[in-house]
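The structure appears below as structure tokens.
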Amino acid sequence: MWLLRLTWALAALVTMASTGPSPTVPSPHKVSIFADLSAAELRAVRSFLMSRPELGLSPSHEGPLAKNSLFLVELLPPKKHLALRYLDQSGPRPQRQARAVVFFGGQAEPNITEFAVGPLPQPNSYRPLRFKGGRSVPFTARPMTQLEYELLHGMLAEAMAPLNRLLRNATGFEYRNGTCSAHGEEGQRCLTFSDIAPRGLASGERRTWVVLQRFLEGFFLHPVGLEVLVNHQDLDPRRWVVEQLWYNGRYFSSPQELVESYERGTLAVAYLPQPPSRQLFSSYEPRGRFATNTRTDVHGAKVCEPQGQRYQLQGNLLEYGGWSLAFRLRSSAGLQLFDLRFNGERVAYEVSVQEAIAFYGGHTPAAMQTKYMDAGWGMGSVTYELARGIDCPDTATYLDAHHLYDADGPVRFSRAICIFELPTGVPLRRHFDSDFHGGFHFYAGLEGQALVLRTTSTVYNYDYIWDFLLYPNGVMEAKVHATGYIHATFYTPQGRRYGSRVHSHLLGNLHTHLVHYKVDLDIAGTSNSFETMDVRFENISNPWSPGEPRQKWEMGPCPSTHTWGLLHVPSSGPYPDPVLHRYHLAVTRYHENEPSSSSIYAQNEPWEPLVSFESFLRNNETIEDQDLVAWVTVGFLHVPHAEDIPNTSTPGNVVGFFLRPFNFFDEDPSVASRGPVIVRPLDPPTFSRLQIQRWTPPSRGPCLAPDLFTYNGTY
């Protein structure tokens with residue numbers, strides 16, 4: 001059995017029900033079927049599709065919106081049964097294919113079509129991919145592109161021109177095209193915007209509230225009190241219109257109405273102080289002093305590897321202790337593990353990030369509309385450079401990633417992934433065996449370490465730090481830290497019901513973070529069952545003292561179920577039930593046409609989602625002795641506070657779950673580690689001579705990399 005344990009102490013059991021293939025560690029060549037597409041493969045797919053005259057594709061960043069363009073290319077993983085036949089039964093190697101997303105905007109009925117393109121590395125054919133139920137993707141469901149943002153910026157610059165006198169007087173900044181500086185230099189003081197989703201109140205709409213902000217370092221914390229509703233559904237930007245405005249608590253039907261109120265003197269103007277030239281509250285510049293005399297102007301503790309790395313990385317195959325796995329970084333949704341094994345026995349076929357959601361409350365129209373679904377914002381493609389010694393230890397191995405997401409070719413993201421061994425700071429296990437007379441019989445301990453596979457997603461204001469940790473006792477942990485800038489709106493007294501005042505003109509809006517994972521467990525084969533365990537008290541008579549009542553623990557199965565409730569958001573109002581996040585845990589049978597619980601289209605088409613997780617659950621299938629998938633939701637409520645300035649800190653803002661063996665091994669498998677220390681007295685009770693047993697060499701060598709900190713940041 002393996003225990004799926006969520007960090008809120010919720011537990012479920014997945015039980016072994018069949019005998020799988022004999023234990024073996026796969027070769028790097030074998031698991032390369034799961035490797036991300038190389039830059040050469042991405043270019044080959046794009047070149048092939050661009051050459052097909054029937055597709056009529058144009059470059060992504062040029063020309064109008066009403067055109068056909070290639071939006072996304074990434075690996076299309078092989079079908080599971082084909083992959084297992086190849087990995088376990090010496091079957092044929094699955095054909096390598098790409099998933100390509102094409103925006104067909106240059107036709108009478110615009111739509112989005114996904115294609116399987118192959119075989120790689122030299123593609124020569126393509127075929128359409130179908131969503132479950134055969135539904136087509138409406139064009140309004142498409143994610144935003146750089147081109148649409150540029151057109152939206154130009155439209156706003158024109159629409160806001162009548163308001164610039166008001167904006168200059170109130171904020172010292174104006175909304176315009178041209179050179180702008182995030183340092184607020186005179187003559188370059190511009191306003192920018194953050195856009196909100198979902199984009200409308202019903203299926204088929206593309207109406208977006210934007211929040212205007214001063215373009216300063218950390219502009220997310222500098223709203224000016226103006227929010228604008230733009231209808232940009234039409235593919236011709238000349239037909240885009242401003243439908244409403246909200247300024248400092250009041251709604252206006254047009255920019256002209258707002259200007260007239262200002263000129264009549266009936267507008268409550270929100271005057272903002274000019275930003276300081278240094279130590280801006282939204283910046284990372286040090287300010288203030290600690291009350292103690294401890295030093296912070298020298299380096300703190302660092303991770304070291306006295307005898308070098310204890311893990312192996314070959315291509316996309318990662319090995320550590322008893323663990324082996326293949327990994328990739330999907331442009332669409334992030335980290336994905338395949339063929340997760342311990343001592344050669346498969347534990348899971350796939351463990352992957354599916355979606356990250358944030359539901360907000362607020363008084364302003366933008367705040368009350370904000371319900372972010374980050375797969376729709378390219379959550380897996382915004383994997384910017386990790387800083388050595390900060391985002392990951394100096395000793396880490398760093399890997400680049402290539403994404404073809406809203407681009408006219410593959411883009412290299414340097415140091416997008418890091419791998420490192422981490423001292424946990426607590427023993428994996430230890431015991432001091434006292435003789436209760438001032439001495440001891442023995443001491444034994446095994447230092448705690450874990451291997452970490454990490455990437456980050458910077459989805460505009462928020463930064464998610466995604467980790468998978470492998471422990472030597474057969475435990476795997478998946479977790480995510482939330483940091484970055486809070487999504488904040490302009491402070492009004494009415495807004496206090498929906499958050500905290502975190503600065504003079506700033507409201508930190510109440511919100512819930514929810515993250516969804518897929519865990520396709522294959523414990524000793526694909527035929528598994530699921531049960532939950534309950535622990536309760538039982539009243540009994542004391543067998544060795546009749547008449548004395550006692551209570552004892554009893555363990556037994558819970559009532560049969562395959563979903564555990566988490567959160568229910570009423571379906572009334574402009575946004576439907578977030579079905580995939582109603583449950584801490586949902587267990588379904590594996591189906592090839594249910595590869596993920598969300599999609600890149602869910603953000604802009606949440607009312608009739610292309611991927612309906614509800615249908616995964618409502619087919620009333622048996623889940624006994626079947627190929628099962630566990631869908632895990634973790635999350636937390638975030639009530640912003642002043643200490644979230646400048647950024648939300650990682651302590652306390654982390655959630656995740658564990659996979660733990662439960663009577664699967666004969667003993668703790670970490671006994672195979674050569675890292676323990678055993679101390680035994682040789683002459684009790686004097687204890688003048690000790691036997692110290694170690695199986696590792698003495699620590700020696702430098703702990704810190706001698707070269708200076710460097711960082712590039714380009715991609």
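Positions of Cβ are set from backbone N, Cα and C atoms, glycine also.
Per TrEMBL, these features apply:
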- Asp374: active site, proton acceptor (ACT_SITE)
- Tyr462: active site, schiff-base intermediate with substrate (ACT_SITE)
- 41-125: domain 'Copper amine oxidase N2-terminal' (DOMAIN)
- 156-250: domain 'Copper amine oxidase N3-terminal' (DOMAIN)
- 302-542: domain 'Copper amine oxidase catalytic' (DOMAIN)
- 581-670: domain 'Copper amine oxidase catalytic' (DOMAIN)
- Tyr462: 2',4',5'-topaquinone (MOD_RES)
- 1-19: signal peptide (SIGNAL)
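Among the stretches 41-125, 156-250, 581-670, the one making the largest number of Cβ pairs under 8 Å with the domain 'Copper amine oxidase catalytic' (302-542) is 581-670. The DSSP breakdown of the domain 'Copper amine oxidase N2-terminal' (41-125), given as helix, strand and coil counts, is 20 helix, 28 strand, 37 coil.
Using DSSP to sort the residues of the domain 'Copper amine oxidase catalytic' (581-670) gives these counts of helix, strand and coil: 11 helix, 28 strand, 51 coil.
Across the domain 'Copper amine oxidase N3-terminal' (156-250), DSSP classifies residues as 22 helix, 32 strand, 41 coil. The predicted model assigns the domain 'Copper amine oxidase N3-terminal' (156-250) a mean pLDDT of 94.
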